[in-house]
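Annotated features in TrEMBL:
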TRANSMEM  A:25-45  transmembrane segment
TRANSMEM  A:51-72  transmembrane segment
TRANSMEM  A:79-99  transmembrane segment
TRANSMEM  A:105-126  transmembrane segment
TRANSMEM  A:133-156  transmembrane segment
TRANSMEM  A:176-200  transmembrane segment
TRANSMEM  A:231-252  transmembrane segment
TRANSMEM  A:258-278  transmembrane segment
TRANSMEM  A:285-305  transmembrane segment
TRANSMEM  A:311-328  transmembrane segment
Amino acid sequence: MTASTPGAPTATLSRIIAAGTHQRVLAFASLIILLIGFSIASPNFMQTSNMIAILQATSVNGVLAIAVTLVIITGGIDLSVGTMMTFCAVITGVVLTYAGMPLMLGVIAAVLTGALCGALSGTFVAKMAIPPFIATLGMMLILKGLSLVISGTRPIYFNDTPGFSEISRGSIIGDIIPSVPIPNGVLILFIVAMVTAYILNRTVLGRYCFALGSNEESVRLSGVNTDRWKIAIYALAGAIVGIAGLLIASRLNSAQPALGLGYELEAIAAVVIGGTSLSGGRGSILGSLIGALIMAVLTNGLRVLSVAQEWQTVVTGAIIILAVYADMMRRKKSN
Amino acid sequence: MTFLVEMRGIEKRFPGVHALKAVQFDLQPGEVHALMGENGAGKSTLMKIMSGIYPRDGGEMFVDGQPATPDGPRAAQDLGIGIIHQELSLMNDLTAAQNVLIGREPRRSFGRLDEPALNAKTAEIFASLNLAMDPRTQVGTQTIARQQLIEIAKALSYNPRVLIMDEPTAALNDAEINELFKVIAKLKADGVGIVYISHRMDEIKRIADRVTILRDGAYIDTVDAADTPLSKIIQLMVGREVTQNAPDIPDTTRNDVALEVQNLSHGKDVRNVSFSVRKGEILGFAGLMGAGRTEVARIIFGADPKDSGAIFVHGQQVDIRTPNAAVQAGIGYLSEDRKHFGLAVDMTVRANIAMAHLGEFTNRLGVLDEGAMNDTALAYIDQLGIRTPSDMQDVRLLSGGNQQKVVIAKWLLRDCDVLIFDEPTRGIDVGAKSEIYALLEDLAAQGCAIIVISSELPEVMRLSHRIAVMCEGRLTGILPGGAATTQEQIMELATQRDTASVGTEDVI
Ligand SMILES: Nc1ncnc2c1ncn2[C@@H]1O[C@H](COP(=O)(O)OP(=O)(O)OP(=O)(O)O)[C@@H](O)[C@H]1O
Ligand SMILES: [Mg+2]
């Protein structure tokens, strides 16, 4: 009896690995190890307020990572999510602060702007056959420029729209259960993650995401209108970026037009750490979520340990390489 | 009478290639119309025009007597025209069912997928094909043969009235081919018109009703399959007589042993395999698909690890762990899956031929000598009869058979002592086949030790000096080549299962 006990968890583990979720399991295990490590290193780390700070810090990058995951699974890449997020925030500023419209319209404006920008990138990629890297690089600069132009390079504050900062900083959950004051921003992240995961795994749109990334020519030869689906996928990603725009604007209570560059790389990093293949056809929202969490925990933990900001960047870079290497080793073995 | 499909005066030009010159073709309901021709004759191109993948440059097409110009795969499907492509085009990361019903997934409201219905529908199609496969299997994990069967299931799922099969049997074993032919017979009975492209001549006699022959993009003739001898068809295809006679088997028993393998094992795929090849000898490997022949080759070549066993080259034990080490030891391997392993399809013919041997074409500063590469490439293009407008053509644009010749050229250039050919003539026309046979015999005569893995029994028997037969990872016997061995003897060894359940029903 005693001899058989150690076998059981191994069997379960190998079954999980066989299910193709290896990288996600690995990422999740790393996350747990990080959490344990930091909490041993510093008693302040595990405090509820710090945990909530980590989640809050994950929310924007997490939502962006979810958006990028969709595009990466199709075999593409989206470099424009950072400045697109800012652009959406600026448009919301225009709608709410300049035009004084009601809050709901501002929310709709952000999501719609993102969807349109995404559809535009998608059109460049699908109809004009511009490689995604270039198309979204162009979009990244266009949107950065437009944000500055529209805002006159000055931040747009949301002081006239009292409810706006609640989008990210309020806590509906905390209102109901005061002991868990999880901010709305985090709640939104998880809702976005669940909805997107559902779309990805259960709908036609999601199926074509994987199919396009796996063998686009084959999908085309099967008589599927690949252009249309690709544009739809980029548009969905854009809409999700619009949500990220709302979150960051709400958190800062302002649209900061100069912000945004660099966010796309953080998002891509989270996606890669989460095990989504950059060559397309494979990936998961849960993975990207874990990836984003790992990055936030790392940044936070190192800060709690008073490690200089510069070193945090170095560590993040190393983690990315390690994560992808681990994935490569697994693939090599399984072949 | 009105034809199901009729094409007249079809013209197609690609940059540097006049691929189709006033070609005609027609198809009746319930017939199998074979389309024959050498590699690059234009068969696939004509069928791609019929199925809406390429636009035609000239000519007319009628479906049910009505003018038709399908402008994409979807339009062709709407006309009832389905095609199974020559090159596998599946989505490896998706499941079989997801592949089969791509574009027509059973849906619920709001674009949600009905996965159980998807799997059930696919299971039905598989059942009608007598294909034992879980619809949820991931396609990338399957062998080429099984992927081909998934392609066939996919084409059938459209319920086509016209079904084009572009070399559907190139990767199938005999039992699978029989299954396919049964399906074809059923489709025929249902009035489906089938266009059948294959380089396996024997199949034409078995299933075709009429045969249309193309040569160099031109229409040659349409003949009745039953009344026309194969030799006549071959002659129409190549424009000359092809001799198929094998030369006498040379006596190589006193030559040095070039490669010796002892007790090679790897999991269940390869079990305790031992054999040797002498210089100047051609050792054929026969067996059913999945017998472990490719696995043996891959292990020898260092592409896969071995659990145990020893490999000797010229009597010296070698430790080969990477393909690079194998090449250093003088061993070359031509993969059966040229698209994935053999070729950089987006590069030119010249670049591909020179690829494995760039060191030969560089000066001391490491700068490539394009002139020398050009000379070499042209020499091989000439020697192997590779049909390409120039050596600067992208390999992707060559016909399937010509791509295969490029792979062969690439390895010939390496000057290996031991060459392993895995399905060297898959998708290669009769004319080129005999050229390649002659080439292998030449190489052997020059002292090369050659291993040929082939699923076509006539090919193994035609080429081999000795025939090694494998079944389920074990080497079940080595037979003499030439007339001394019969197909039955080989099949018996090829189906000599380990378990007690040896059954003749598996043989077919
Ligand atoms: N997209 C393309 N661009 C340029 N040339 C092409 C293209 N497709 C085919 N060709 C050329 O057209 C000719 C006919 O090719 P095709 O693929 O139709 O031959 P095939 O009869 O199917 O030969 P195989 O038996 O080898 O498959 C060849 O010379 C080929 O190189
Ligand atoms: Mg062809």
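Start at 1 and count along the chain as shown; that gives each residue its number.
In case you wondered, yes, glycine gets a Cβ from its N, Cα and C as well.
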Proximity of the transmembrane segment (A:133-156) to the transmembrane segment (A:79-99), 3+ C-beta pairs under 8 angstroms: yes
Sequence-remote partners of the transmembrane segment (A:176-200) [C-beta within less than 8 Å, at least six residues beyond its ends]: 52, 55-56, 58-60, 62-63, 66, 69-70, 73, 166-170, 206, 209-210, 236, 240, 243, 247, 250-251, 284-286, 289
Cβ contacts the transmembrane segment (A:79-99)/the transmembrane segment (A:231-252), at least three under 8 Å, sequence gap 6 or more: yes
Two-stretch contact, the transmembrane segment (A:51-72) and the transmembrane segment (A:311-328), at least three Cβ pairs under 8 Å: no
Tertiary contacts of the transmembrane segment (A:258-278) (same chain, 6+ residues out, Cβ under 8 Å): 22-24, 26-27, 60-62, 64-65, 67-69, 72-73, 77-87, 140, 144, 147-148, 153, 213, 248, 284, 286-292, 294-295, 316, 319-320, 323-324, 327
Stretch in A:25-45, A:231-252, A:285-305, A:311-328 most in contact with the transmembrane segment (A:105-126), if contact is a CB pair under 8 A: A:231-252
Cβ-Cβ under 8 Å with the transmembrane segment (A:311-328): same-chain residues at least 6 beyond its ends: 22-23, 26-27, 30, 269, 272-273, 275, 277, 291, 294-295, 298-299, 302-303
